[in-house]
């Protein structure tokens, strides 16, 4: 049975960085769980993150990312690059199916097993099945309102949940200021 769907969104505005996610886990055509937590703090609370994909794979990657973050003395970009290199080169890790968003006060990165570490051009980035909807909503709100990052993230996930059947509005959020 396949587990599907998630929406994870990162937003930066006015010195505040937010990563939030919905709570829905879908198995086949059934909502399996509505209050899953796909967002967490890492690096002694200095990094916020969210994942899309396999939970077990994401947890394994979080553990490795924390090690890279510590060994890079809190350099988020270096930790992201080092994790990606290891992910690509290790035969067991290569099979892991997850995407990670990681952020600190200044940066948000998307980390993938394809060897990418991407920093968004804009002040928003999203992953998962509802990601395109949340991203579009966040960009519209960033460009046309004075809402703060937290409000933008909440509204964007809520909009994604109204469009994507694999996304709900049970939001988990982590904030760094």
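Note that Cβ sites are derived from N, Cα and C of the backbone, with glycine treated the same way.
Taken straight from Swiss-Prot:
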| type | residues | note |
| --- | --- | --- |
| ACT_SITE | 6 | active site |
| BINDING | 161, 164, 167 | Na(+) binding site |
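All features noted in Swiss-Prot, drawn onto the structure.
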| residue | record | Cβ contacts under 8 Å, 6 or more apart |
| --- | --- | --- |
| 6 | active site | 21, 22, 24, 25, 38, 51, 52, 53, 127, 128, 129, 130, 166, 167 |
| 161 | Na(+) binding site | 7, 22, 130, 167, 168, 169 |
| 164 | Na(+) binding site | 5, 7, 129, 130, 133 |
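In sequence order, 5, 7, 22, 24, 129, 130, 133, 134, 157, 160, 162, 163, 165, 166, 168, 169 are the same-chain residues whose CB sits within 8 A of the CB centroid of 161, 164, 167, the residues recorded for Na(+) being left out.
According to DSSP, the residue listed as 'active site' sits in a coil region rather than a helix or strand.
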